[in-house]
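Enquirer: Reproduced below are the annotations present in Swiss-Prot:
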REGION    1-268  region 'Amidoligase domain'
BINDING   Ser14, Lys189, Thr190, Lys191, Pro192, Thr193, Gln194, Lys225  UTP binding site
BINDING   Ser14, Asp149, Ile150, Glu151, Lys189, Thr190, Lys191, Pro192, Thr193, Gln194, Lys225  CTP binding site
BINDING   Ser15, Ile16, Gly17, Lys18, Gly19, Ile20, Asp72  ATP binding site
BINDING   Tyr55, Gly355, Leu383, Gly384, Met385, Gln386, Glu406, Arg464  L-glutamine binding site
BINDING   Asp72, Glu142  Mg(2+) binding site
DOMAIN    293-536  domain 'Glutamine amidotransferase type-1'
ACT_SITE  Cys382  active site, nucleophile
ACT_SITE  His509  active site
ACT_SITE  Glu511  active site
Amino acid sequence: MSTKYIFVTGGVVSSIGKGIVAASLGRLLKNRGLKVTIQKFDPYINIDPGTMSPYQHGEVFVTDDGAETDLDLGHYERFIDINLNKYSNVTTGKIYSEVLRKERKGEYLGATVQVIPHITDALKDKIKRAARTTDSDVIITEVGGTVGDIESLPFLEALRQMKADVGADNVMYIHTTLLPYLKAAGEMKTKPTQHSVKELRGLGIQPNMLVIRTEKPAGQNIKNKLAQFCDVAPEAVIESLDVEHLYQIPLDLQAQKMDQIVCDHLKLDVPAADMTEWSAMVEKVMSLEKQVRIALVGKYVELPDAYISVVEALKHAGYANDAEVKIDWIDANQVTVENAAELLGSADGIIVPGGFGQRGTEGKIQTIRYAREQDVPMLGVCLGMQLTCVEFARHVLGLADANSAELNPDTPFPIIDLMRDQIDVEDLGGTLRLGLYPSKLKSGSKAAAAYDHQEVVQRRHRHRYEFNNAFREQFEAAGFVFSGVSPDNRLVEIVEIPENKFFVACQYHPELSSRPNRPEGLYTAFVTAAVEKSSDR
């Protein structure tokens with residue numbers, strides 16, 4: 001069977017939910033027995049989002065092979081339950097840097113290097129390579145931004161050319177747009193969608209399907225109007241209504257036969273999608289009996305997208321405990337030794353997620369101290385683990401000036417220090433310890449119990465600093481347990497205090513491996529402890 005290519009574009013406004021639509025379609029096609037992969041084209045000039053502020057871009061999602069990517073890849077992985085690779089996120093910066101590098105090496109044999117064909121060929125190669133490296137039947141490619149953006153033009157041209165390259169039967173274009181409701185007029189307006197499709201047609205792409213994002217059901221008359229003006233079949237005008245839970249969306253799209261229309265267009269003769277297990281999960285999510293309150297103490301709490309995988313992993317762990325997770329967003333800058341009890345006292349559990357830089361770290365340290373002293377279940381992640389070690393050094397070991405060398409290079413007690421292979425690194429982008437690495441678990445520890453007593457777990461990392469092993473014996477003598485280490489015993493991966501209900505921190509990012517139907521072990525153990533604390537109140 002020829003590989004099938006589905007391209008998802010957006011119009012009218014950004015942040016319209018293209019990624020969720022693409023991921024939901026991917027889930028439906030996977031449940032039809034197809035092997036699916038998915039990728040995101042981001043038209044910004046950055047090489048990747050690794051050096052971008054979370055306020056600009058949200059979280060950085062890390063793949064198994066160490067690519068720093070768009071947060072939409074997290075949605076893709078959670079919905080479709082696949083592990084993506086570096087070909088799943090492509091930026092303008094990445095493409096141009098590769099083309100320019102080839103030009104400097106003389107690989108274009110003296111040709112004038114241009115957007116067409118060199119940039120578009122490079123983009124098409126990324127699409128085909130993503131499909132080829134995963135041996136996929138179907139690849140879904142989402143283009144970030146909206147039709148009409150200057151930055152998107154080479155990407156859309158590459159998508160247009162794909163139809164001629166691989167054949168019309170192997171390509172489908174899906175366009176997502178906003179269908180606004182004007183309260184004063186009491187009606188929905190189709191003109192923005194019509195103009196968006198007109199713009200797309202002007203670039204040589206005729207959409208085969210429209211997905212309209214709307215707050216209210218559009219009705220068949222609106223669908224017929226859009227079908228007529230945009231030259232798509234009426235049944236191929238699909239509604240994407242606002243929902244209470246994101247995981248309802250694949251079921252809503254299936255009810256409108258979206259996946260069947262796609263299969264018919266691409267001439268895919270495959271069984272209907274069996275969504276029984278997914279439906280049961282959604283039903284459970286919508287009828288959780290318990291509630292648990294988690295304080296998330298972070299640096300970027302004004303923008304929840306900066307912690308989107310953390311939030312989703314907490315929700316998944318809640319599902320496993322029949323509990324709805326309510327998150328209290330606490331600005332780490334506001335936490336002091338004087339007000340910690342006031343800010344954190346109502347929490348059943350506390351999570352200190354990752355981050356970079358000095359701002360907010362003292363507040364996080366006070367948060368960790370409060371959790372340790374008051375025996376509140378706590379999970380520290382990445383920087384959260386590093387600051388857990390700093391807090392213990394200061395307030396248990398009596399090393400008052402202890403710190404991380406990242407935060408204070410002159411500290412006399414560098415509990416956290418630069419990794420040896422990072423000493424001569426000058427560039428910020430793409431130079432961290434990235435991707436999947438193993439952690440050997442200590443038998444009898446809470447970490448081992450969280451992972452069903454496995455000997456080794458593999459999780460994704462994104463860090464430059466590590467625990468300073470010169471202090472390991474001193475910590476262990478005071479009851480601090482290093483419950484996860486690298487197989488060569490050099491790098492600390494997980495720490496815990498066994499006397500507490502649940503006081504565990506890890507260097508890696510467990511949230512990146514969580515799935516709604518398969519929650520991550522440490523997150524599940526943490527939320528379980530928080531639920532137990534809640535029931536004891």
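Note that Cβ sites are derived from N, Cα and C of the backbone, with glycine treated the same way.
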Enquirer: Using a 10 Å cut-off, grab the number of neighbouring Cβ atoms around the Cβ of Gln386 (L-glutamine binding site), all chains included.
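Expert: The answer is 29.
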Enquirer: Should Glu142 (Mg(2+) binding site) be counted as helix, strand, or coil on the basis of DSSP?
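Expert: In the DSSP reduction, Glu142 (Mg(2+) binding site) maps to strand.
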Enquirer: Rounded to the nearest angstrom, how far is the Cα of Ser14 (UTP binding site) from the Cα of Leu383 (L-glutamine binding site)?
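Expert: Distance between the two Cα atoms comes out at 32 Å.
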Enquirer: Have a look at the binding-site residues Asp72, Ile150, Gly355 and say which one has the shortest Cα distance to Glu142 (Mg(2+) binding site).
Expert: Asp72
Enquirer: Spatially, and counting Cα to Cα, which of the binding-site residues is closest to Ile150 (CTP binding site)? Options: Ser15, Lys225, Gly384, Met385.
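Expert: That would be Ser15, the closest of Ser15, Lys225, Gly384, Met385 to Ile150 (CTP binding site).
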Enquirer: Hey, how far is Gly17 (ATP binding site) from the residue listed as 'active site, nucleophile', Cα to Cα, in Å?
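Expert: Between the Cα atoms of Gly17 (ATP binding site) and the residue listed as 'active site, nucleophile', the distance comes to 29 Å.
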Enquirer: When you measure from the Cβ of Lys18 (ATP binding site), how many other Cβ atoms are you left with inside 10 Å?
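Expert: Result for Lys18 (ATP binding site): 27 neighbouring Cβ atoms inside 10 Å.
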Enquirer: For the recorded positions listed here (Asp72, Glu142, Glu406, Glu511), tell me which residue's CB has the most neighbouring CB atoms inside 10 Å.
Expert: Glu511
Enquirer: For the binding-site residues Lys191, Lys225, Arg464, which one has the sparsest Cβ surroundings, going by other Cβ atoms within 10 Å?
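Expert: Selected from the binding-site residues Lys191, Lys225, Arg464 on minimum Cβ neighbours within 10 Å: Lys191.
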Enquirer: Rounded to whole angstrom, what's the largest C-alpha distance between any two of Ser14, Lys189, Thr190, Lys191, Pro192, Thr193, Gln194, Lys225, listed as binding UTP?
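Expert: Roughly 23 Å, rounded to the nearest whole number.
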Enquirer: Which has the fewest other Cβ atoms within 10 Å: Ile16, Ile150, Cys382, Leu383, the recorded positions listed?
Expert: Ile150
